[in-house]
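Input: a single structure, listed below in structure tokens.
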């Protein structure tokens, strides 16, 4: 819930001007009349007719409203796809995989597993379309047009990222997706409007720009294998949980006090840097009710993760850091799971020890999304509740006090509304993965599920690019510079502290 502060009303005193008093009296009278009219309408049984057959159906079945909400649909889509993936693995259906190619792009599709895409891509569109239809999103019936564009740019991004030279430069599909989305956005916008704003996206493309939905689905599909975690879990916990919560809070406070970044954006930037990139950014944005404030931090992280992917493995090799310490270092301080695996692969030890250690440390760190999201939601909700109660107590007029906009909402209600529901989907997937999926199938299910989630992630990066307007970024150059500075500071602190913890955990014990 976004709280818009209302103008404070002056108390009745001899110093109040007559014009202000008249304005308040008029407003109060109007408000009382509106309340009276609404009450009379309710007593008369006047209700608005349902806009669509869906509204009529939901009105007849009010119990559906609980689960049929945009907060829950990432869970339903993610769990359905997880069940589908598990079934596909049981029937020995291979996961889609783009092979590296040099000069012939079609070499990327030589795997028979890529036939999955003929089913997966239309199914993605169908499931998201169903979600938008169910919640009656604006212009949902035009979604398929925008989806075709976003999915095509996602395919192009993955195709280009699989080229050998591009792949060796660590230019992943997230970079290309953001770039292609931004290029399309600015090409469609054309010249700025007279007031300096950009032309809005057409409705058919705007409805497909579902950044949070795509990333949330990919997070639900992120499987955590407890059997893989067990051997390294204590040391991985030491590396990824000791410093992350405290540094997250510290750097967020530095951002808001020293760099004068608003607290919500500063927390999103800090959390995305210290936890797991875009997934953490979206989770924190949901916990804070921060809307699209996560777009710019995600774009910055996607671009500036590249130097870490390339530099850290070569530094580790040059200094002579062991494979286990290097893997734990990459897993704790490189932002996203894909980037972590890429960095460990560049390190290239013979037994893949660095890759395995990095993956475990990153999995353990990913689990932090849940408790940190809940904690942030709880603290921020208390803050909002105090502000709402203060606003309510400051109102001098009884008519305004009775309006629902000014009534304080119970803390538990606020907390539940703010809590990112897809975290529950993430937890349920982990439980099902470790209890229902047979042990021998888990590596294949994990790989297949990760592949499906990565498609949704790439679509989210295209959506982020569609929100980046170059001339507005120039106007916001100051904020861009501040966020980049905060990211550089957070990343430097993260690299140093994680290396110390990784050395202690994997070299001294």
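Cβ atoms here come from the backbone N, Cα and C positions, even for glycine.
Whatever TrEMBL says is automated annotation, not expert-curated.
Annotation source TrEMBL lists compositional bias 'Low complexity' at 1-31.
As annotated by TrEMBL, region 'Disordered' applies to 1-49.
Annotation comment: TrEMBL describes 73-93 (among others) as transmembrane segment.
Annotation comment: TrEMBL describes 114-135 (among others) as transmembrane segment.
Sequence annotations record features per position, and here TrEMBL assigns transmembrane segment to 238-259 (among others).
For the transmembrane segment (271-290), same-chain residues at least 6 beyond its ends with a Cβ under 8 Å from one of its own Cβ atoms are 1-2, 71, 174, 211-212, 215-216, 218-219, 222, 244, 247-248, 251-252, 264-265, 297-298, 301-302, 305, 335-337, 339, 362, 365-366, 368-369, 372-374, 376-377, 380, 418-420, 422-423, 457, 460-461, 487, 490-491, 494. For 271-290 (among others), the entry in TrEMBL reads transmembrane segment.
Annotation comment: TrEMBL describes 296-316 (among others) as transmembrane segment. Sequence-distant contacts of the transmembrane segment (296-316) (same chain, six or more residues past either end, CB-CB distance under 8 Å): 169-171, 174-175, 178, 265, 268-269, 272-273, 277-278, 281-282, 325-326, 329-330, 333-336, 339, 342-344, 346-348, 461, 464-465, 468, 479-480, 483-484, 487-488, 491, 495.
Long-range contacts of the transmembrane segment (328-347) within its own chain (CB-CB distance under 8 A, at least 6 residues past either end) are made by residues 170, 172, 174, 222, 235-236, 239-240, 272-273, 276-279, 301, 305, 308-310, 312-314, 316-317, 321, 354-355, 357-363, 365-366, 450, 454, 491, 494-495, 498-499, 501-502, 505-506. The transmembrane segment annotation in TrEMBL covers 328-347 (among others).
The transmembrane segment annotation in TrEMBL covers 359-380 (among others). Long-range neighbours of the transmembrane segment (359-380) within the same chain, counting only residues 6 or more positions beyond its ends whose Cβ lies under 8 Å from a Cβ of the stretch, are 219, 222, 224-225, 228-229, 232-233, 236-237, 239-241, 244-245, 248, 267, 271, 275-276, 279-280, 283-284, 286-289, 327-328, 330-332, 334, 337, 340-341, 344, 415, 418-420, 423, 426-427, 502.
Counting residues 6+ beyond its ends, the transmembrane segment (419-436) has Cβ neighbours under 8 Å at 71-72, 74-75, 78-79, 82, 86, 216-217, 219-227, 282-283, 286-287, 369-370, 373-374, 377, 442, 445-446 in the same chain. Annotation source TrEMBL lists transmembrane segment at 419-436 (among others).
Under the heading transmembrane segment, TrEMBL lists 448-468 (among others).
Residues annotated as transmembrane segment in TrEMBL: 480-506 (among others). If one looks beyond the transmembrane segment (480-506) by at least 6 residues along the same chain, the residues whose Cβ comes under 8 Å of a Cβ in the stretch are 235-236, 238-239, 242-243, 247, 251, 254-255, 259-261, 265-266, 269-270, 273-274, 296-297, 300-301, 304, 308, 312, 322, 324-326, 328-329, 332-333, 357, 361, 473.
Outside the transmembrane segment (448-468), and at least 6 residues removed from its termini, the chain residues within Cβ reach (under 8 Å) are 81-82, 85, 88-89, 95-97, 120-121, 124, 150-151, 153-154, 157-158, 173-174, 177-186, 201, 205, 208-212, 214-215, 217-223, 278, 292, 295, 298-299, 302, 337-338.
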